[in-house]
Amino acid sequence: MKAILVLEDGSAFEGKALGASGTAWGELVFNTGMTGYQEVITDPSYAGQIVILTYPLIGNYGTRDAFSESQKPVLRGVVVREACERPPAGDDGNLDDYLKRCCIVGIERVDTRLLTKKIRSCGVMKAVLSTELDVRDAREMLRRQPELGSQDLVKQVTSKGVRVYGEENGIPVALMDFGVKHNILRCLVRRRCRVTVFPADAPAGSVLESRPAGVLLSNGPGDPKKAGYAVNTVRELLGKVPVFGICLGHQIMALALGGDTYKLRFGHRGSNHPVRDLKNGRVFITSQNHGYAVDGASLEKGVEVTFVNANDGTVEGLEVPKFRAFSVQFHPEASPGPGDTEYLFDEFLKLAGGEVRRCRRILQ
């Protein structure tokens, strides 16, 4: 079956349908990871987006439920150069089958290198991916769609209620769910934490009533300024309990501290992004997935920049010693990507006064 991808600038690409039939629109972005395609597809931070996977062959090790970072994908479409049709025996099916089960529209046999170069030059843009429309109708559909940045995407992916994970007598940690990945929960549970997950719009009072030793602000999709309710909650929490922010949580903490954020031209998405630790000069290769960044010039006195991106100098980490709070733009939990910065979870629990011990039980 034929599929088309039509971009906001009017350009159109024809390829072979992959996954479900139908039509989807979203912000077209690219991820440069060589592996971890299922983790990317199930990352809630991709809500509202059509993702180009730049590695030329995707799906060569199949799909498995254990690879998923959420219960179901919330991205709107997938674009690949070539999808492997015959994964290893014993897996849960190939990429085409997986996308069909998840009702995700995809396209293959398109020039993903050309698409990626276009986005790098022109910036992210809206796109329509369809097995139903012709190019003219797809362009008309695009003209009617709002900018993705105008939407509060966090409300689409956050928990509907309070959930608890981990051992009964574990270190009590509250987690603000802006679109949390499963591996963040796993990293905490492995360290014998009792994790209470709160919806993104939970008030500070409710979070503090759980008597947490620390609060973790999770990753999530979209513009942090659209989640003003979360910014207000974090502002109330700062100084009362240790806080650790990851990705969107990092941006929300910066806003709560009086800083500002801005949209990047094409974002950082992949598992090969170098960041420099300004305390010791050490460079880490990190997993990243974000389209917004913290404006370093907007930060008030007392807010220290701890990490910067080695490619473009953007802010990758913050620390506020007087509040026992710190944050990073990258993903220390990886999944996919290198786990070199997973030690930051230990640093968080040291701040929280908890004893860091690993256990064998891993959250599924």
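Each Cβ is built from the backbone N, Cα and C atoms, and glycine gets one as well.
Database features, via TrEMBL:
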type     : residues                                                      : note
REGION   : 1-172                                                         : region 'CPSase'
DOMAIN   : 1-130                                                         : domain 'Carbamoyl-phosphate synthase small subunit N-terminal'
BINDING  : Ser45, Gly220, Gly222, Leu248, Gln251, Asn289, Gly291, Tyr292 : L-glutamine binding site
ACT_SITE : Cys247                                                        : active site, nucleophile
ACT_SITE : His331                                                        : active site
ACT_SITE : Glu333                                                        : active site
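Where TrEMBL records a feature, it is marked here on the structure.
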residue: Ser45; record: L-glutamine binding site; DSSP (3 states): helix
residue: Gly220; record: L-glutamine binding site; DSSP (3 states): coil
residue: Cys247; record: active site, nucleophile; DSSP (3 states): coil
residue: Asn289; record: L-glutamine binding site; DSSP (3 states): strand
residue: His331; record: active site; DSSP (3 states): strand
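Of all residue pairs in the L-glutamine-binding list (Ser45, Gly220, Gly222, Leu248, Gln251, Asn289, Gly291, Tyr292), the one with the greatest Cα separation is 13 Å apart. Helix, strand and coil content of the domain 'Carbamoyl-phosphate synthase small subunit N-terminal' (1-130), in residues and according to DSSP, is 29 helix, 46 strand, 55 coil.
Rounded to the nearest whole angstrom, the C-alpha distance between Ser45 (L-glutamine binding site) and His331 (active site) is 11. In sequence order, Glu27, Val29, Val124, Lys263, Leu264, Gly267 are the residues of the chain that are 6 or more apart from Gly291 (L-glutamine binding site) and have a CB within less than 8 Å of its CB. Long-range Cβ neighbours of Gln251 (L-glutamine binding site) (same chain, at least 6 residues apart, Cβ-Cβ under 8 Å): Pro224, Gly245, Thr261, His290, Tyr292, Ala293, Val294, Gln329. Cβ proximity to the L-glutamine site centre (mean Cβ of Ser45, Gly220, Gly222, Leu248, Gln251, Asn289, Gly291, Tyr292, cutoff 8 Å) flags the following additional same-chain residues: Asn219, Pro221, Asp223, Pro224, Cys247, His290. A mean pLDDT of 96 is what the model gives for the domain 'Carbamoyl-phosphate synthase small subunit N-terminal' (1-130).
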